[in-house]
Amino acid sequence: MIASQIRSMWLVFKHLFRKNVTVQYPDQKPYLSPRYRGRIVLTRDPNGDERCVACNLCAVACPPDCISLQKTEDADGRWRPEYFRINFSRCIMCGLCEDACPTYAIQLTPDFEMCEYDRQNMVYEKEDLLINGPGKYHDYSFYQIAGKAIAGKDKGEAQNESEPINVKSLNL
Amino acid sequence: MSASVWIILLNVFGVLIVTVVLAAILTWGERRLLGFWQDRPGPNRVGKFGTLQVFADMIKLFFKEDFTPKFADIPVFILAPTVVMATMLIAFAVVPISPNIGVTDLNIGLLFVLAMSSIAVYSVILGGYASNNKYALLGSLRAAAQTVSYEVFMGLSLMGVVMLSGSFNLREIVNAQAEGWFIVPQFLGFFIFFIAGIAESRRTPFDLPEAEHELTAGFHTEYSGMKFGMFFVGEYLAVILISALITTLFLGGWHGPILPPFIWFCLKTALLICLFILLRAAIPRPRYDQLMKFGWKVMLPLALLNLLATAGILLWTA
């Protein structure tokens, strides 16, 4: 019994010469991978237009219900959120909104330092969320791929899309 | 005033202040060492290497609400933490630090230290009783039982040293070790005294009176602010006292080659304090019945055996 106690004391003592594992945070920043789930942003497509089509899938997927948005439609036929609001005091950074998003609009970033003295300041509006870039997907543009017709791009003109075929015109 | 009075005053206040300051520094030192042994830095942000952490803690303790529960036995509640600090500081009076440093040469110095460390237990018992709180009372009951059982062989383990040196005076015990430290002929005594010393100062592995996981904070559950601080410092004073005593009784006190006597004493005591902290870092807490069984069925017979063997050998060689 005594031998095992002395052995465990020796083993603990040897740790004196080990390297500390602590990352002293404000002085030393830990490496966060690009896929780290931190602050949420709304991205733009390569043309600089908002990617979000206000489909509400993120709001549905969100476990703590912290996303709130309202759809509106532009004159050119694009869907767009009228407002887009994330309450970060509720957000649990789970990334389910990012998974749910069909247009790569909503993305999580490696930034997590968003402390506020006032709880109300944790509510981010669309202007706070929007960034000026495409985020993790540089070339993706929803309206150039999807079949939805907008002004300047009719049906069948999207990438990898053929002209629509009128089924009734097929004389079989 | 004559020069000798000044020297006495210097000794008295020097020992008093140095021990209290050391105990305060130990609150930081222990956390730092524990940190290193757990692969983390410990408190290192206040001042150089965190040395000013002590002041930060002190400021925090002073500004905390010093809460006295309405249901407590208030005079006893206030008295309890002072007892542990006072007795521990008084016990330092007889510890000879170097040939010319030390407060007094009591001819029953060893008994005095044992008596003082026994009185310190009152602090725990009174604190737990006066808190009028179940956890505190359970903690103090444990403290009482533990201290009573460990005190028995704590005293017995030292009798070997007393027989070898033929004195209860700590200074004479140190002088008797000029040729060889008592840890060699009295290794069993050293071992037993060390374990009893941990139990006396209520440090992990024997910190059952304040076992956080079972009794919240044990006997000092209801204490806050500077009253808690005094319990805290009292515990560290006990650690320093036991380390200083082991140095004096078994490790030859200030004796040692090359370095001056004072340095030798400090070095040995510091090493023992580190050993105390290492014990806390490494050894888990036993169950309460295991603790009592270990005390009465293993340590007490061992201490008696040591006493008998030492006496027999002394008589044989005499």
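A Cβ is built for glycine as well, from the same backbone N, Cα and C atoms used for every other residue.
All TrEMBL annotations are machine predictions without curation.
Taken verbatim from TrEMBL:
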type	residues	note
DOMAIN	A:40-72	domain '4Fe-4S ferredoxin-type'
BINDING	A:CYS52, A:CYS55, A:CYS58, A:CYS101	[4Fe-4S] cluster 1 binding site
BINDING	A:CYS62, A:CYS91, A:CYS94, A:CYS97	[4Fe-4S] cluster 2 binding site
DOMAIN	A:82-111	domain '4Fe-4S ferredoxin-type'
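Mapped onto this structure are the features recorded in TrEMBL.
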residue : record                          : DSSP class
A:CYS52 : [4Fe-4S] cluster 1 binding site : coil
A:CYS58 : [4Fe-4S] cluster 1 binding site : helix
A:CYS91 : [4Fe-4S] cluster 2 binding site : coil
A:CYS97 : [4Fe-4S] cluster 2 binding site : helix
Long-range Cβ environment of A:CYS91 ([4Fe-4S] cluster 2 binding site), under 8 Å and at least 6 residues apart: A:ILE40, A:PRO64, A:CYS66
Alpha-carbon distance [A:CYS55 ([4Fe-4S] cluster 1 binding site); A:CYS62 ([4Fe-4S] cluster 2 binding site)] in Å: 13
Chain residues in Cβ proximity to the domain '4Fe-4S ferredoxin-type' (A:40-72) (below 8 Å; excluding those fewer than six residues from its ends, i.e. six or more beyond): 78-88, 90-94, 96-109, 124, 126, 129-135, 137-144
Cα distance (Å, whole number) from A:CYS97 ([4Fe-4S] cluster 2 binding site) to A:CYS55 ([4Fe-4S] cluster 1 binding site): 12
A:CYS97 ([4Fe-4S] cluster 2 binding site), number of other Cβ atoms within 10 Å: 23
Neighbour count (Cβ, 10 Å) for A:CYS58 ([4Fe-4S] cluster 1 binding site): 25
Lowest local Cβ density among A:CYS52, A:CYS55, A:CYS94, A:CYS101, which the record lists as binding-site residues, within 10 Å: A:CYS94
Nearest-integer angstrom distance between the alpha carbons (Cα) of A:CYS94 ([4Fe-4S] cluster 2 binding site) and A:CYS58 ([4Fe-4S] cluster 1 binding site): 12
Rounded Cα separation (Å) that holds between A:CYS52 ([4Fe-4S] cluster 1 binding site) and A:CYS97 ([4Fe-4S] cluster 2 binding site): 12
Check: same-chain CB within 8 A of [4Fe-4S] cluster 2 site center, minus A:CYS62, A:CYS91, A:CYS94, A:CYS97: A:ILE40, A:CYS58, A:ALA61, A:PRO63, A:PRO64, A:CYS66, A:ILE67, A:ILE86, A:ILE92, A:MET93, A:GLY95, A:LEU96
